[in-house]
C-alpha cells in the first residue's frame, strides 16, 4: 500500500537566512508590493501540542488512513458549521418573514424604518469586526463562538416582545454585533482542518446552508402564518427561530479549536490531520497578535481586491431582504409569497453544488466559476427590470435567478482560507473584508426605497452595476495570482536556496509573503 511520508529539513533558520543575502531583516521598512522574503528567525512556533505531535521526522501514514481522518473530520466539523450557518441566516432574515404578518403595522414602522433595521444590523456587524478579530485570536475559538450564538439568539427572541420601531432597531444592532464573528471564524476553521484543494467544496457546503435556511424559513413562515391567536404570527417567527438558535449554540462547548486538540481523533490521527494540512503553509492557531502581520494584510494587493469585491458584491444582498415584498408585489398574497420565496434557497444550494463540482474538476478557476455565477445573476436582474408588468411569471423567474451570486461570494471566501497565511494576517484580513461586507449591506437596503414598490427598479439597477464591477475585479485578481506565482517560480529558479526548508516551518505562523514556496490558488 502506498504511504505518505513527512519530509522536513532540520536546518536552522539562521543558516538559511545567511544564504539569502538579498533579504532584509526589517519588515516594516522594507515592505514592497509583491516582495517575497523570510525573516531571520521564525515569527513564532506551532501550537505547543502540535509541536509535540510533529516531533517524529520519520512519521508515515497511508492514503487510506488519510481518507479515514478526513471522513471523521467531515463527520464532526461540517454538520456543526453547516447548521450554525443555517441558524444565523434564519436569525438574520427572520425580519423579512415577520414583515409579511403585520410586524410593520403592529410596531408602527414605515418603509424607511424597515430598511434601517437591516442597515443597523450591519452597522453592528461593522463596529464589531476588529474587536471580534482580536478576541477570536485571544480566546478559545469554540467558546467564543458559543458566547456569540447565545447572545444573538437572545436578541432575536427579545424582538418578539417589541412594540415599537426603536426597540426593534436597538435589538437588530446588537444582533449584528454578536453575529459579526461567525463567518470569519468559519474561514479560520476551514483553513485549519482542510487541505487547500478541499476548502472550496467545504466553504461552499456551509455557505449553501444560507439557501437551506431560505427553504426552511419559508416553510416555517408559512406554518406560523396559519396561527391565529392572542399572539401575532410575526412574534412567533422571532420566538421559534430564536429558541432554535439558542439550543443549538451549546454544541460549541464540545468542539475542538484546532486538529491538535480534537478528542474525536487518536494521537496518531491528530498527527495525520496535521500532516494533511502541512502543504497549505497557513499554520494553525496562534494566540499572539502580531502587528507586523496585520500591517502586511492592509497592504497586500490580494486583500485589497478581495475586500473591494466583497463590499461591492454585498449590494446584491438587498434582494434577500426585499424578495418576499417583490414577490408579493407581483400579485401574490402573504402565504403564497412565503412559499414562492423557497426557490431562491433551492437555486442558491444548486449554485453551491455546481460550483463545488467545477472546483473539484479544475485545480484553479474559482474566480472564473464565480464570474459565471455572477453572469446568471445579472440575467435575473435584467429579467426583473425589462420584462413588462403583464408577465409576472417572467419577473418571478428573474427574482429566483438573483440567487446565483452567493456562490461567487463563497468562492471568494475560500480564497482567504487558501491564500492568506499567518493567523493574525488571516484574522485581520477576514475582519477587513467583513467591514466592507457590512458597508455593502448597509448601503444595499437604502437602494430599495419604499417609493419604488413593488418593482424596486432602482435597487435592481444598482445590483446590475455592482455585478459588472465585481466581474471586472475577478478578472484582475485572477491575473494578479497568475503573475505572482510565475514571479515566485522565477525567483526560486534564480536562487534555489530560497526554497530550502526550516523544520515545521509550515506551522510557524509565517505569512504567505514570508514564504517563497507559497503558491496562490485562483
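All residue numbers here begin at 1 and follow the chain in the order shown.
Cβ from N, Cα, C; glycine included.
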Transmembrane segment per Swiss-Prot - which of 32-52, 95-115, 116-136: 116-136
Range among 281-301, 428-448 that Swiss-Prot annotates as transmembrane segment: 428-448
Distant-in-sequence neighbours of the transmembrane segment (338-358), which means Cβ under 8 A and at least six residues beyond its ends: 97, 100, 200-201, 204-205, 207-208, 210-219, 221-222, 225, 320, 323-324, 327, 332, 365, 369-370, 373, 376, 396, 399-404, 406-407, 410-411
Same-chain residues at least 6 beyond the ends of the transmembrane segment (204-224) whose Cβ lies under 8 Å from its Cβ atoms: 78, 81-83, 85-87, 89-90, 93-94, 97, 100-101, 186, 190, 233, 236-237, 240-241, 335, 338-339, 341-342, 344-349, 351-353, 355-356, 359, 403, 406-407, 409-411, 413-414
Region pair the transmembrane segment (69-89) / the transmembrane segment (303-323), three or more CB pairs under 8 Å: no
Distal contacts, the transmembrane segment (428-448) - CB-CB under 8 A, six or more residues away: 115-116, 118-119, 121-123, 125-126, 129-130, 132-133, 176, 180, 183-184, 187-188, 293-294, 297-298, 300, 303, 306-308, 310-318, 321-322, 413, 416, 420, 456, 458-459, 462
